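For reference, TrEMBL has these:
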COMPBIAS  1-10  compositional bias 'Basic and acidic residues'
REGION    1-23  region 'Disordered'
COMPBIAS  11-23  compositional bias 'Polar residues'
DOMAIN    84-206  domain 'Creatinase N-terminal'
DOMAIN    399-627  domain 'Peptidase M24'
DOMAIN    637-700  domain 'Peptidase M24 C-terminal'
Amino acid sequence: MRKGLEEEATKQPNPLSSPLIYSSPASGDPMTQAYWQCCPWLLLLCDMCLELPRAQVPWERRCEKLFNQPSEHLPVTAVNTTMRLAALRQQMKTWNLTAYIIPDTDAHMSEYIGKHDERRAWVSGFTGSAGTAVVSMRRAAVWTDSRYWTQAERQMDCNWELHREVSISSIVAWILAEVPDGENVGFDPFLFSVDSWISYDGELQGSSRHLLSVTTNLVDMAWGSERPPVPSQPIYALPKEFTGGALGRKKYPPSEAICRTTPKLRLGSFYPHLMRQHQVGLFNLRSSDIPYNPFFYSYALLTDSSIRLFVNKSRFSLETLQYLNTDCTLSMCVQLEDYSQIRDSVKAYASGNVKILIGVSYTTYGVYEVIPKEKLVTDTYSPVMLIKAVKNSKEQALLKASHVRDAVAVIQYLVWLEKNVPKGTVDEFSGAEHIDELRRNENFSSGPSFETISASGMNAALAHYRYSRTKKFLQCLRAGVAVNPTKELHRKLSTDEMYLVDSGGQYWDGTTDITRTVHWGTPTAFQKEAYTRVLMGNIDLSRLVFPAATSGRVVEAFARRALWEVGLNYGHGTGHGIGNFLCVHEWPVGFQSNNIAMAKGMFTSIEPGYYQDGEFGIRLEDIALVVEAKTKYPGTYLTFELVSFVPYDRNLIDVRLLSPEQLQYLNRYYQTIREKIGPELQRRQLLEEFAWLERHTEPLSARAPHITSLTSLWAASALAILSWSS
């Protein structure tokens, strides 16, 4: 999800910040001539951009020659990092480091980061959202997963090695081979969680290499004045009608609420609260420091006698300051302190007779290392994360309301596509722009919740394909001209192929995320079967009844069973939590092994898929609320209630594959959509959309008997879970 390439295309070239050169090498400007002479590969790149796209060449073959020699295989999108690495290595030399580790996160362990925190992207040229870089005095390497291998090959120059794995043991093995005994490996402690530091430190134990914490970030020093500024937009309070009650304004003050959910922490203890999204939830404050996320850079320190918020104070209006300190006693009013003082404040507090709770998954080592170990109480997750994961009744109602309006926008989009795709006037870019605009027109909208995935045909086979920023960067550049990518560069939507749209909105009352896959022509038998089996997986998990406190990983296989039984699968997670005008991926809810157990009041996505490499991709994603199930006999059981209200593509459903139970569930879901969305469409006089909804939610009927029973479903899935675990 890289941003801002349009702006970059209009800037003057800078060897430390820009991978592209737009002026001609024949220019009379001596500085321009000198730059071209010292970077001869750029001549080749601009020559290549006049050609049609060629077949991809393996990364290793492109980089057989030294970087400063022309290579016929170097892509036009490769970033010249020679001077960036030279600047970083100069900083490493100053700090007596032989290697330096550069993660892909920020000081709050965020999934989404701001432009000024894109350190790994700046130093390596690789802009994928996941990956770790390590730079030594002689070599440089990036480790990333299979989603980004092609992107990394296209963006990194021959200064860099690409490692197609992500394990810390693999990174440390490279470090051990590169760093001599007795020398130092540096890292920024604010970019390492406690868990990450423990893993690296454990791998290096006994090697005689020293893992050295350096609080000055060396990439920032090398980046210098070209580094984007820290955001400074106003911080505002969310209106009361859109909140379920901030933690500090619920029944108990923050410290007591945390202690009630964390028995091993007694009052008189202290919790350093580090994740940005937790501050906005604690205080019902919002801003826009991170694209698609209403967060602001801050820390919160909570004790039995004080609430301290570390933030840029100048961003608060008098109205917001007044809101923070309404209905509080003097000792429990919010004290604002400078953002940069968090480490010193924790250290000072730790000198007293206190116990300090740390959530090791999301607390940074920069805070952890200043706390005496005998004063630490550790847990996997922050107690505030656990409190926030379960929505109260008002928060549930708000999220449901946002999904009704969001469904209207998505249905408007699908109707628009149905009319315009046959005309050949829609491409991935214009489609994504249109659905984003439809959402912005909805009440209480604050824009998209992530960059829309708009993918047609073979592009949809990439599970996290981005239609715009990355796609534009892969296009041919014309020498001597500043490139401004246009809509024409994107794949046309066609009635001959499948189209996948994964999108969401930020609204003051909730965050949404939904994926639909459609085909306007005649799909193949295999496409229909694959789609139907993905739908079957979605239904099987959505209608499942399971004991309370069951972990998501235990039931996740139900989403895969219909695919597994014919030898198909998908390579991504099945779901994630979601916030109330917060993050679209809200940890720790979901179906992964490190997610917490399911509980009533949680929201999660359910999103099985299937991806046929080079041909098409399918994903069906809905948001579901965990609710109490009604069972024949007494007991505490849970199930899911869908709050996404957009019908699936009838053209792709092979009803013969559905069991009677699945068909009954689907028709009941369609009836719910009619009841929830139909009146809203009529109220708005969206008669065309209402007629479309009526057609697409007509009850489906079985065409052939199906013998799969719910009992056999349970048995097959239990066996699959056991075999998968082993």
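Cβ coordinates are placed from backbone N, Cα and C, and glycine is handled just like the others.
Remember, TrEMBL labels are computer predictions, not curated facts.
Averaged across the domain 'Peptidase M24' (399-627), pLDDT for the predicted model comes to 90. Secondary structure of the domain 'Peptidase M24 C-terminal' (637-700) per DSSP (helix as H, G, I; strand as E, B; remaining residues coil): 40 helix, 6 strand, 18 coil. Helix, strand and coil residue tallies for the domain 'Creatinase N-terminal' (84-206), in that order: 55 helix, 22 strand, 46 coil [DSSP].
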